[in-house]
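Below: the structure, in structure tokens.
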Amino acid sequence: MEEDKETGVVQPGEKNPLLKFIPNLEGDVDLIVEDVFHLPSPHMTPSEMLQLQVIIDERVKQDDIHGVVITHGTDTLEETAYFLDLTVQATIPIVVTGAMRSSNELGADGLYNFLSAVKVASSNEAAEKGVLVVLNDEIHCATNVTKTHTSNVATFQSPQYGPIGMVTKRGVVFHHALVHHETCTVRQISKNVVVLKAYAGMDDTLLSAIETLPVDGIVIEALGQGNLPPRTLPSLERLIGKGIPVVLVSRCFNGIVQDVYSYEGGGKQLKDMGVIFTYGLNAQKARIKLLVALENTNSHEAIQNMYMHD
């Protein structure tokens, strides 16, 4: 991305501005460059994410590759990272990075973040940790990291958990261990999963509309620990009755949804209805997980089990 100095408008450049710096990288690193997409991150879809996964696993099988770095726009970076975390079979270090400032802007952070990502991808300690996100000297796991600020260079945070490591001038340090999870085999992305956000006074208007649409799954950002206004329940019950999985997350940044409250629309009633509870994912990642899950199974129990350990 480049900033127009007269108007302040930011636009994609003709090519990745980092390419001109690659020949001058220090250290014992041999980079193989592949320009897969040239897209602003809001243009990314799960189909492009799947193409990335296929390319990564194929290259790792064919070539002597010890790590992968993916440069990505920041708006949907966390979704791509999490999709790859769920689907890439390779166990070598895989790092996603980006920039909050344009390449020609004062204080541009893209090159620094890229060099940090290469450091992490070159580290043996980064293997078998799933997909990592590296920006601003911090290493985050794909499951927990999210963009928290529209423009700050420290935008990527992992609420409740924090980074799992850091990049220093002398190398890479990991200070948290990760819980291992199985990856999924996905050959296509063919399902339609939508996200709704609950609010005070919400009724079933949107859910009723969804009943008439070709929707395969729903993620709802619930209130608090996992509660919904009571007027949403009639349509919700009909959708679940039709076999459409409904996944619940919280609109809070910290904590998990639980079946604690037993009033009408409370978590206990939702759980009894068959709503699937997550274990701390945000809505955009819960959607990615449901897209992946639905390519493997339609079983309510199997999908619920996939969310038991996010």
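Backbone N, Cα and C define each Cβ position, glycine as well.
According to TrEMBL, the domain 'L-asparaginase N-terminal' annotation covers 1-177. Residues annotated as substrate binding site in TrEMBL: Ser41, Thr74, Asp75. Residues or ranges marked as active site in TrEMBL: Thr74. Residues or ranges marked as domain 'Asparaginase/glutaminase C-terminal' by TrEMBL: 192-306.
Structure coloured by features recorded in TrEMBL.
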{"residue": "Ser41", "record": "substrate binding site", "Cβ neighbours (10 Å)": "16"}
{"residue": "Thr74", "record": "substrate binding site", "Cβ neighbours (10 Å)": "19"}
{"residue": "Asp75", "record": "substrate binding site", "Cβ neighbours (10 Å)": "15"}
Exercise. Over the residue list Ser41, Thr74, Asp75, recorded for substrate, what is the maximum interresidue Cα distance in Å?
Worked result: 7
Problem set entry | Rounded mean pLDDT for the residues that make up the domain 'Asparaginase/glutaminase C-terminal' (192-306) | 98
Exercise. Reported in the order helix, strand, coil, what are the DSSP residue counts of the domain 'Asparaginase/glutaminase C-terminal' (192-306)?
Worked result: 45 helix, 20 strand, 50 coil
Problem set entry | Additional residues around substrate, ordered along the sequence, whose Cβ is within 8 Å of the centroid of Ser41, Thr74, Asp75 | Pro40, Pro42, His72, Gly73, Thr76, Leu77, Gly98, Lys147
